[in-house]
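Below is one structure, written out as structure tokens, with a few remarks after it.
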Amino acid sequence: MSKEKFERTKPHVNVGTIGHIDHGKTTLTAAITRVLSTKGQASFTDFSDIDKAPEEKERGITIATAHVEYETVNRHYAHVDCPGHADYIKNMITGAAQMDGAILVVAATDGAMPQTREHILLARQVGVPAMVVFLNKCDMVDDDELIELVEMELRELLDDYEFPGDDVPFIHGSALLALENPEDEDKAACIWELMDQIDSYIPEPERDVDQPFLMPVEDVFSISGRGTVATGRVERGIIKVGEEVAIVGVRDTVKTTCTGVEMFRKLLDEGRAGDNIGALLRGVKREDIERGQVLAKPGTITPHTKFKAECYILGKDEGGRHTPFFNGYRPQFYFRTTDVTGIVTLPEGIEMVMPGDNVAVEAELITPIAMDAGLRFAIREGGRTVGAGVISEIIA
């Protein structure tokens, strides 16, 4: 059967495998591509190709990530798998590979392990909306009661981290047996069941263009006789000529009207998510708006200075700091287009943070920035990236 081209008409969903080392994340990733390739819904990617994932740079941080793609009858999936535990942490915190849903892989022979917990917690902190669980290596456990026990324990663990433990789908199987016998109905059944569950349980993401308008301001010009133009890339939503926009962050929020949208020196009726535009703003002076602010649909985003965040601090070998930092550390936080100084408060019982650690912190900025939970940032010292983070909660 000839391999058909992927249908780009299907809804696109980003997923990824998470879980403890050696529980079978990469084997499962390979098995999905192998089993689906029997129906032309994927091209098979070998375990070793996934395992020696290429390195990518995201926000100044090097991360090894493997990408595969496949499709079901209903959807097109992009799937990420990381070779090392540190890569997972970096990936989830930087959002290098945004996940609309996760496949948590747990070996039935071991049950929940430290990295299982850490990945579930991180998924919660960085806002992964849903996950399904693949109980792997079930062929190596003779006692069904033992498998049930592992499942019960995991459902409780999911509850602890505010995932709906009772509702999360669990699929029992063996990724290795499916990988080796993709045509065998019994052995490959767990993969087809997994596909059905991610299709039905992981919600379809809201497309950027359907979300409320937001554009980080990158530059500001005044055009004599016409007014002030703010330029930037529309992050989400649509801005139409004549609509009201708010200028948010750094100083008091101001409302104005967008009287024109241009792109590549042409006038348009609207700017959409992904477009690099100039927005002409009525009655706004050149000095009233600056880089670091955002244009947004009024009432959809507010400026804040205090937040909780999950951070990864670069190791020395990654070009990060050579020494630990302590409570009261004052780096710059790079949000969207600009650096803002902030003060870091470490959690109780943590004296210092070593290069290469990940840590949950509280931070207070010296100027307010438009933000909501899920916003990512780089941590910098004098223009050099020393870490990355994602806001888990707004405090004030």
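For all residues, glycine too, the Cβ spot is worked out from N, Cα and C.
Note on Swiss-Prot: of 19-26, 51-58, 299-306, 379-386, the range annotated with the feature region 'G1' is 19-26. Which of 60-64, 110-114, 360-364, 390-394 counts as region 'G2' depends on Swiss-Prot, and there it is 60-64. Segment annotation: Swiss-Prot labels region 'G4' over residues 136-139 (candidates 136-139, 268-271, 348-351). Between the stretches 81-84, 233-236, 337-340, Swiss-Prot puts its region 'G3' entry on 81-84. Non-local neighbours of the region 'G2' (60-64) in the same chain are 53-54, 82-84, 87, 90-91, 94, 96, 312, 314, 318-319, 378, 385, 388; each lies 6+ residues outside the stretch with a CB under 8 Å from one of its CB atoms.
Summed and averaged per residue, pLDDT over the region 'G1' (19-26) gives 95.
Separation of the C-alpha atoms of GLY19 (GTP binding site) and THR26 (Mg(2+) binding site): 10 Å, rounded to the nearest whole number. Within the region 'G2' (60-64), the DSSP-based counts of helix, strand and coil residues read 0 helix, 4 strand, 1 coil. For the binding-site residues listed here (CYS82, CYS138), the lowest count of other CB atoms within 10 A around the CB belongs to CYS138.
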